[in-house]
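**Q** Next up is a structure, given as C-alpha cells.
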Amino acid sequence: MNFLLSWVHWSLALLLYLHHAKWSQAAPMAEGGQKPHEVMKFMDVYQRSFCRPIETLVDIFQEYPDEIEFIFKPSCVPLMRCGGCCNDESLECVPTEEFNITMQIMRIKPHQSQHIGEMSFLQHNKCECRPKKDKARQEKCDKPRR
C-alpha cells in the first residue's frame, strides 16, 4: 500500500513537472533560469532537487587518470550523472541504468603532436534512491581472514 501511494505521489509530481516545463519554454527566463525577483515555488525546488540524472561537468582526468601525458581540450565534458537529494539520510542517489557515449576530444602531447580522437564516457540514464552501503561493514568483509 505504501508503495502504491508513493508511486502515485511521484507520478503526480512528474506530471506537474512536465506541465511546468512546457510553460517554462514559452516564457523566456533570465540568465540564472528564473525571472528577476521571482520566488521559486516549493514544487519546483522539490522536483529539481530530487535524485535524477543531471548534466554535470566531469574532468577528463577523473575518468582517464592514467593518461597524464596528454592535455585534453576541452579539459572537462558534459555528462549526465546522478545527483540530487533522497530526503532520507540512509539513502543515496545511485545510477540504475548506464550507457557509454563517445565524444571527440583534442589530445595534445606537448611539443610533439595533437589530434582529435574519440573517447568514451559513462552516462547515467536512470537514478534511484537506494540504501547506503555500510562502509565499516564492507571494509570488515573485504579484510582477509586468518
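Just so it is clear, glycine is given a Cβ too, placed from its N, Cα and C backbone atoms.
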**Q** I want to verify the bond table. Which candidate from Cys51, Cys127, Cys129 sits on the other end of the disulfide that Swiss-Prot records for Cys82?
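**A** Matching partner in the record: Cys127.
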**Q** Let me know the DSSP-derived helix, strand or coil state of Cys127 (disulfide bond), please.
**A** strand
**Q** Cα within 10 Å of Cys93 (disulfide bond) is the criterion; apply it to the recorded positions Cys82, Cys86, Asn100 and give the hits in sequence order.
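**A** Correct set: Cys82, Cys86.
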**Q** Round to the nearest Å and give the CA-to-CA distance linking Cys127 (disulfide bond) with Cys51 (disulfide bond).
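**A** Answer for this pair: 7 Å between alpha carbons.
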**Q** CB neighbours of Cys129 (disulfide bond) within 10 A?
**A** 18
**Q** Out of Cys51, Cys82, Cys86, the disulfide-bonded residues in the record, which is closest to Asn100 (N-linked glycosylation site) when you go by Cα distance?
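**A** Nearest in space to Asn100 (N-linked glycosylation site), counting only the disulfide-bonded residues, is Cys82.
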